[in-house]
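See below for the structure under consideration.
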Amino acid sequence: MLGNFRFDDMVEKLSRRVAGRTSRRGAIGRLGTVLAGAALVPLLPVDRRGRVSRANAAGPAEGVDPRAKWQPQDNDIQACDYWRHCSIDGNICDCSGGSLTNCPPGTKLATASWVASCYNPTDGQSYLIAYRDCCGYNVSGRCPCLNTEGELPVYRPEFANDIIWCFGAEDDAMTYHCTISPIVGKAS
């Protein structure tokens, strides 16, 4: 009981001293500034590209190519390991009546795309691929692929393959069907 009394006295003296030296408006203003600043911190841009090596600490040893596990081929365009499909997340349109560059008949091409740099083993060059979704029919279910080579999290949407990009398709065709992978140009 005696310990509580001393603590109460100490808190009372401290609070009276603070109240005597500061104004209420100033304290409330500072508190508001701190709270507003803390609320805005999540809105700051984040770029964690430098942390990828630390995130893959158990990955390949130094001097070993981290992309060595991805072995692209240039023969079967309907296979997930075809070189253009290095970052595709969805169904390959070539299996659904389309091609690498054209949507199947009856589907609509989404206006938005995500990009990746894919290595062609035949000519030893890397190419920029602009993946675009074909929309309007239900998911084909043929040739599903989940490749994440070069993918970045959703806060970098131009490099994220987890987003369904059908929101920009004609005629409100919002249902995902498959993905095409046209070449934009050589990656430098």
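Backbone N, Cα and C atoms are what each Cβ position is placed from, and that goes for glycine too.
Per Swiss-Prot, the feature signal peptide maps to 1-57; the stated evidence is experimental evidence.
The annotation disulfide bond is assigned in Swiss-Prot to CYS80-CYS145 (among others). In the three-state DSSP scheme, CYS80 (disulfide bond) falls into the coil class.
Taken residue by residue with DSSP, CYS86 (disulfide bond) is part of neither helix nor strand, so it is coil. As annotated by Swiss-Prot, disulfide bond applies to CYS86-CYS118 (among others).
Per Swiss-Prot, the feature disulfide bond maps to CYS93-CYS178 (among others). Residues near CYS93 (disulfide bond) in space but far in sequence (CB under 8 A, at least 6 apart, same chain), listed by position: SER99, LEU100, ASN102, CYS103, PRO104, CYS134, HIS177, CYS178, THR179, ILE180. Under the DSSP three-state reduction, CYS93 (disulfide bond) is assigned to helix.
All protein chains included, CYS143 (disulfide bond) registers 21 other Cβ atoms within 10 Å of its own Cβ. If you look up Swiss-Prot, you'll see CYS95-CYS143 (among others) marked as disulfide bond.
DSSP assigns CYS103 (disulfide bond) to coil, not to a helix or a strand. According to Swiss-Prot, the disulfide bond annotation covers CYS103-CYS134 (among others).
Secondary structure from DSSP puts TRP114 (tryptophylquinone) in a beta strand. Per Swiss-Prot, tryptophylquinone is recorded for TRP114.
Positions annotated as disulfide bond by Swiss-Prot: CYS135-CYS166 (among others). In three-state terms derived from DSSP, CYS166 (disulfide bond) belongs to a helical segment.
Ranking the disulfide-bonded residues CYS80, CYS95, CYS145 by how many Cβ atoms sit within 10 Å of each one's Cβ puts CYS145 at the top. The shortest Cα-Cα distance between CYS118 (disulfide bond) and any of the disulfide-bonded residues CYS80, CYS143, CYS145, CYS166 is the one to CYS80. Comparing Cα positions, CYS95 (disulfide bond) lies closest to CYS80 out of the disulfide-bonded residues CYS80, CYS86, CYS166.
Cα separation, TRP114 (tryptophylquinone) to CYS86 (disulfide bond), rounded: 12 Å.
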